[in-house]
């Protein structure tokens with residue numbers, strides 16, 4: 001561990017790899033899972049979620065369009081990530097640096113690209129709390145609305161997608177604002193920090209746009225219809 | 001100035017009243033306007049905005065419902081606050097502590113309830129930038145949509161109102177998370193910090209709910225209509 005940073009604590013020397021090197025993590029315990037194994041287990045979880053969601057929509061609404069099937073899968077997937085993975089962070093943020101649970105080790109690995117997850121940063125905890133406990137459950141409700149063709153689907157989809165985009169833009173903005181919380185290697189910056197978060201900008205932007213267009217179309221249709229009797233009267 | 005805090009700077013002793021007392025404001029210059037005069041000028045600006053917006057909607061759409069008139073006034077008012085008053089902060093945040101312009105002095109007075117506005121706090125600057133340059137112009141576009149009865153009114157109103165609420169909740173959350181940025185007097189906490197920000201939770205919540213209900217009603221109407229030909233075919 002040639003590049004490990006030694007940080008002096010009141011009682012012991014704590015070695016960690018996070019940036020900036022001056023952050024104090026007295027309760028830090030190194031991961032015991034290797035990076036490929038952690039990522040493989042996370043990938044397997046993602047695949048299970050996507051597969052399970054696909055099977056569900058195929059069973060409950062077999063004649064759903066391909067677009068609705070994919071939207072259902074996305075909402076189940078993002079709901080799970082918010083309500084379980086991100087909620088895990090919110091509940092455990094104070095002790096995360098010492099965790100050896102799967103989600104704990106995943107967050108510690110991710111934190112190499114943003115150490116604020118290990119220091120209970122006020123913005124990160126608040127934003128993640130809203131993401132976990134508002135956007136998480138609402139994503140499942142949207143999935144239900146897609147399955148049942150409920151008229152609340154598009155306003156809810158607009159709300160959650162905008163919430164995800166806004167949270168993500170603030171996340172990028174605050175972390176790039178002054179000091180760097182990311183290790184200098186490109187892998188951490190581009191793969192963990194840019195790529196993973198960018199998913200939650202690009203996909204919600206697609207669904208926000210979709211809902212916006214659908215809602216405007218609905219009002220236009222109603223407007224045209226209500227225009228006729230007005231002319232007659 | 002009995003309770004003034006003396007903070008030692010490299011070159012001079014800087015006296016300020018902000019919390020926590022340890023924050024460094026080397027460029028600080030005290031306001032020369034009295035508090036009642038500043039608030040009166042801000043109140044006069046609010047009254048002018050509300051009056052101007054009322055005259056505008058009365059002129060361009062005289063038969064607008066009372067509800068639409070009030071919504072138009074609110075959108076013009078909040079658009080102005082975002083795009084001028086909050087944009088002023090975003091553009092000038094680095095030099096704000098030394099400002100003696102009207103908006104600068106108002107922000108310095110407000111900062112007694114939240115000193116992060118004088119220390120270029122990453123979250124506050126990012127959130128205010130999105131509020132000023134996204135929600136600001138969009139509020140004016142919503143006002144236009146109300147005046148012209150455009151079908152994009154409700155999806156836009158949902159977007160801006162949610163953005164305002166989310167920004168405000170994060171604002172409250174981050175400032176209450178660990179240390180206090182507010183002076184201990186109740187006046188600053190309850191009037192500046194709680195009351196003024198709460199306006200942008202309560203009113204947007206009303207408009208978010210209104211748009212949500214209107215959108216669901218629109219889809220329900222279309223759904224009922226499209227149900228008939230499906231049965232016939």
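Note that Cβ sites are derived from N, Cα and C of the backbone, with glycine treated the same way.
TrEMBL entries are annotated by machine, without manual review.
Quick caveat, the model's predicted, so the values are computed rather than measured.
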Exercise for review: With TrEMBL as the source, identify the stretch among A:72-91, A:92-111 annotated transmembrane segment.
Suggested key: A:72-91
Practice item. Quick one: sort out which of A:18-36, A:189-207 is the transmembrane segment according to TrEMBL. Key: A:189-207
Check your understanding: Quick one: mean pLDDT on the domain 'EXPERA' (A:67-208)?
Key -> 94
Exercise for review: Report, as numbers and ranges, which residues of the same chain sit near the transmembrane segment (A:189-207): CB under 8 Å and 6 or more residues beyond its ends.
Suggested key: 71, 74, 78, 109-110, 112-114, 157, 160-162, 164-165, 167-169, 171-172, 175, 182-183
Practice item. Please indicate, using numbers and ranges, the residues of the same chain that are 6 or more beyond the transmembrane segment (A:72-91) and have a C-beta under 8 Å from a C-beta there. Key: 46, 49-50, 52-54, 56-57, 61, 64, 103-104, 106-107, 117, 125, 128-129, 131-133, 135-140, 142-143, 146-147, 157, 164, 200, 203, 207
Check your understanding: Are there residues at least 6 beyond the ends of the transmembrane segment (A:122-146) whose Cβ is under 8 Å from a Cβ of it, and what are they?
Key -> 53, 57, 61, 64, 68, 71-72, 75-76, 78-79, 82-84, 86-87, 89-90, 93, 114, 116, 152-153, 156-157, 159-160, 163-164, 167, 170-171, 174
